[in-house]
Ligand code: NAD
Ligand code: LMR
C-alpha cells in the first residue's frame, strides 16, 4: 500500500501550494489526445506556472482531460470535443495555444509529404485561434513546420491580427537533440542554438557555439547530419508507428514554460521558427532564429554569433531557397482555399 514518505508529503504540499499556479497561465493544447498531445498535456499539468489547461482534439480529449484532472497539482484541466463549439470554447481566454494536431510521418516520407494532410487542419485551427484568441502565443508543432507556420501567419494576416512576436514554429526538439548529442561527446549539458528551419538540411545546428566540443571534420559532419535527420532516426525506429512523441512533448513543454516565464518578466533565450526579415533580401520571410523572449512574446531576434564557421554559413545559405519555397507553399494554400 502507498505510504506517505516525507518526500511524497513535500511533493503534495508543493503541488497545491504554488500561488502562481492558482492564477497561472491559461494554455490550450489542440490535438491533445495524440502521441505528442497526451504526454505534452501531462507535462503542462505538472508545470506550476500553468493554471488552467484546455484540451481539444477531434477524438477523446474529454477522456484525456478527465484522466489528467486527477493528478494532484492545482491547475484545472478541461476537455473539449468537436461538438457544441468545442474548439471555440477551448480557445477562450488563452494565453498560449500549442498545436500538435496532425498526421505524423511513416518511414520513407518527408515532412513535406504531410502537407496535403495537415495544411487543412492547421488552417482550420489557425482561423479559430485568430477569431477567438488573437493575442495568445501560438506555438505550432505540426509538420511541415516550415510551411504550416507561414500558413498560420497568413491566416492571421488576412484577419488583420498577425503579431510576429506571438507566433512560433516549434524547433525546440532540434535544440534538445543537439544538446543531447553533444553531451554524448563532452559530458556537459549545454545550450546549442539550432537555426534555419525544421526539415532535413534546413536544420542548422551551431556546434561552433559548443566550446568543449573538439571533433575531427568527419565526426563533426556526422554529428550535424544526425541532428538534421534525428527525426528520421525515430521514424525508422518506430517502424510505421509514428514519429517522435515523448521527446517532442518534453521539447514542447519546455517552450511553453519558456514563453510563460518570459511573460512574467524573466529573460529567456530560445530558438524558434518565426517571421524574420534577416534574409528578406533573399526572399526568405520565415527563419528559425535565436530568440529573446519577453513579456509580449519574441522581444528580439538576436544577431547570429560572430564566430560561426564557414560550414555553418554555407549551411544557412543552402537552407534559404528551401525555406522560401516551403513558406510559399503554406501561404499559397491560404490564398487558394
Ligand atoms: P498523432 O496522430 O499521434 O496525434 C495527432 C492528434 O491530432 C490525434 O489525436 C488526432 O485526433 C488530432 N487531430 C487531427 N486533426 C485534428 C483537428 N482538426 N483538430 C484537433 N485535433 C486533430 O500524431 P503525433 O505523433 O502527436 O504528431 C502530431 C504532429 O506533430 C505531426 O504532424 C508530426 O509530424 C508533428 N511533429 C512535429 C515535431 C516538431 O519538432 N515540430 C516533432 C514531432 C512530431
Ligand atoms: C521530428 O523532428 O522528430 C519531427 O519533426 C517528426 C518527424 O517527422 O521527424
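Cβ atoms here come from the backbone N, Cα and C positions, even for glycine.
Annotated active site, proton acceptor per TrEMBL: 198, in sequence order. When Cβ atoms from all protein chains are considered, those within 10 Å of residue 198 (active site, proton acceptor) total 27, not counting its own.
Taken from TrEMBL, the feature NAD(+) binding site applies to 31, 32, 33, 34, 35, 36, 37, 57, 118, 141, 142, 143, 248. Around residue 31 (NAD(+) binding site), taking its Cβ as the centre, 25 other Cβ atoms fall within 10 Å, counting all chains.
DSSP assigns residue 177 (substrate binding site) to a helical segment in the three-state reduction. If you take the C-beta of residue 177 (substrate binding site) and look for same-chain residues 6 or more apart in sequence within under 8 angstroms, you find 226, 227, 230, 247. Residues or ranges marked as substrate binding site in TrEMBL: 105, 111, 143, 177.
Among the features that TrEMBL reports, domain 'Lactate/malate dehydrogenase N-terminal' is placed at 26-169.
Here TrEMBL flags 171-333 as domain 'Lactate/malate dehydrogenase C-terminal'. Mean pLDDT for the domain 'Lactate/malate dehydrogenase C-terminal' (171-333) in this predicted model: 97.
Neighbour count (other Cβ atoms within 10 Å of the Cβ, all protein chains): 28 for residue 142 (NAD(+) binding site). Annotation for the binding-site residues 105, 111: lowest Cβ count within 10 Å of the residue's own Cβ, 105. By a simple count of nearby Cβ atoms, those within 10 Å, the most crowded of the binding-site residues 35, 37 is 37. Here residue 118 (NAD(+) binding site) comes close to 102, 103, 142, 143, 144, 148: these same-chain residues lie at least six apart in sequence, with C-beta atoms under 8 angstroms from its C-beta. On the backbone, the CA of residue 105 (substrate binding site) and the CA of residue 37 (NAD(+) binding site) stand 16 Å apart. Under DSSP, residue 111 (substrate binding site) is assigned to a helix (H, G or I) in the three-state scheme.
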